[in-house]
Amino acid sequence: MSAYMATFLRWLATPVVLLAISLFLYWLLRKIGWQKKAAVGFALISPWLVGFLIFTAFPLFYSLYLSFTEYSIFGTPRFVGLQNYIFLFTEDLEFWPSVRITLLYAALTLPIGVVGALLVAMLLNNRIKGIGIFRTIYYLPAILPEVAVALLWRWIFNSESGIMNYLLSPILNFFGLGKPDWFGDPHYVIFAFVIMSVWGIFGTNTVIFLAALQGVSRSLYEAAEIDGASGFAKFIHVTIPQISPVILLQVVMGMIGALQIFTVAMFVRPTSAAGKFMNQLVYERGFTQLHMGEASAIAWVLFIIILILTLLVFRSSPAWVYYEAEVKR
Amino acid sequence: MGVAGRKRFNRVLIYITVISIAIVILLPFFWMLSTALKPEGDIFTWPPDWIPDPPQWHNFADAWNAMPFSRFLLNTIFVVALGMSAELISETLVAYGFARFRFPGRDLIFFILLATMMLPFHVTLIPTYLIWQKFGLVGEFDPLVLRAWTAWGPFYIFLLRQFFLGIPRELDDAAEIDGAGPIQTFFYVMLPQIKPALLAVGIFTFRGYWNDFLGPLIYLTDMNKYTLNLGMYFFMGGVNEQPQWNYLMAMSILVALPILVLFFLAQRYFIEGVTFTGLKD
């Protein structure tokens, strides 16, 4: 009980401190001649700014610094230059496999998650009866806690008596493959992860695409029909350009999410032969082995990978993303 | 086959596909429930039994009592309640500030806020941990809930801001003419207008805190303070242990239950929230 109470009191005190900071900023800005409304606006966003400076900006640079040090939480960080990175790139046996499996996982889930969801959304967009029920069913996996998703699929993929091997047994027997240990065998583990994740994220993407499709104006399709466009031509020249901003968002968010896979992997617990995702490696090195410097270096490599890929997608977007507002202007 | 016939054939084909996908999606749920109700000895039968015979409803109670899950539930509710309410209040205010006021640097700051969405959580993880350690609060619930006051969900700020932007300016002006200050305007004019967005954000933050695993994993060290998810992690057993699948499935269902109930009660806001965050760029 006392643990709750102490936290609760600090939880009550925090907004008081933040309010004091807001009021002080308001006073300060008024003092230097800001208009009242401007000062109010700045005071309103100041809680975010405080959180950003303490918990995002500072940690970002501090973790970059830590990645050049050796640090075990105890004592002070010792500067070692590029040693962590050199160790990761040249000697560490787990690092490159984890980069590989993380990228491969993102490269496989992303197209299936985006293209597949789009196709299903188009099916649902056919003015079918009971669309609400289907939408609910399709969205159901997306609301399940990741913990439950991971445990459920770990059981489905169970080598001895999981239903996956049972349902696939005609095919598996035909190829003489026996009962694969999905999350234990390095050859199968990535497919197991992809299947599990696609089941889990499909619903969100489908619901978003469905709404986007329903937002495409009928008149555009009618105009295309008058011009004699076939179903496929309408899809390429009307549907895709109209919903391309949504596709861009899905690709970017899906990619960032996939590269950061962590919780499901922790609960699925693939054998070490099957490999670890980068975030798992960060957690393991940092919090179980207390190599904070090395863990920070891995986190920064992941950050750079995400940054580069995101920039590439955004750079490519003018070529395929169509914003109506730009033309209208 | 005439045009009408072909159209009808297409419709049948669409229905068959849509229903098959629904079955594929629902099958794992059925398997989860079926396993949860199986007696210990029937779990590893081959071929697998689909229907537990007889259903062992006591598995739910047995699994729940195998670890102090009642305690974990209480802890989880504590974290969810504090985190969710703080986030709703702070994010609404911050979004209001971004949407309805002009001040130097606003657009740049908002751009930075959006950019933080792309920052992997693990990059800031270790320094953040060190900060809480400096405060002497590692092992307490504080690292999980205090930060909520600083509006740490950029996505939700974005969503709420979009809603604020959609409110006609005339309403502010009218309120101002009537002599309302920014605070009155906020409570009497703005809040009633953004209720659907508040509900959506409330649902998402609830789900976020309920499902959080990484936070409890690194900050909570004392079993008395474990949340449900963290408890599940240890309930799973050691690395080389074969888990007790009927209990694990029963617990998975129980952990998912509040979210499922919430989903069915507030489906509209769930789906609206999802589509909204996905559609506005």
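A Cβ is built for glycine as well, from the same backbone N, Cα and C atoms used for every other residue.
TrEMBL lists B:73-266 with the feature domain 'ABC transmembrane type-1'. The transmembrane segment annotation in TrEMBL covers B:12-33, B:72-96, B:108-132, B:144-164, B:185-210, B:245-266.
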Stretch among B:12-33, B:108-132, B:144-164, B:245-266 sharing the most Cβ pairs under 8 Å with the transmembrane segment (B:185-210): B:144-164
Folded-back contacts onto the transmembrane segment (B:144-164), same chain, C-beta under 8 angstroms, at least six residues removed: 79, 82-84, 86-87, 89-96, 98-100, 110, 113-114, 116-117, 190, 193-194, 196-198, 200-201, 204-205, 208-209, 212, 215-216, 219-220, 273, 276-277, 280
Remote residues contacting the transmembrane segment (B:245-266) - C-beta distance under 8 A, at least 6 residues beyond either end: 32-33, 35-40, 43, 56, 59-60, 62-64, 66, 69, 199, 203, 206-207, 210-211, 228-229, 232, 235-236
Long-range neighbours of the transmembrane segment (B:12-33), counting only residues six or more past its ends (CB under 8 A): 50, 249, 252-253
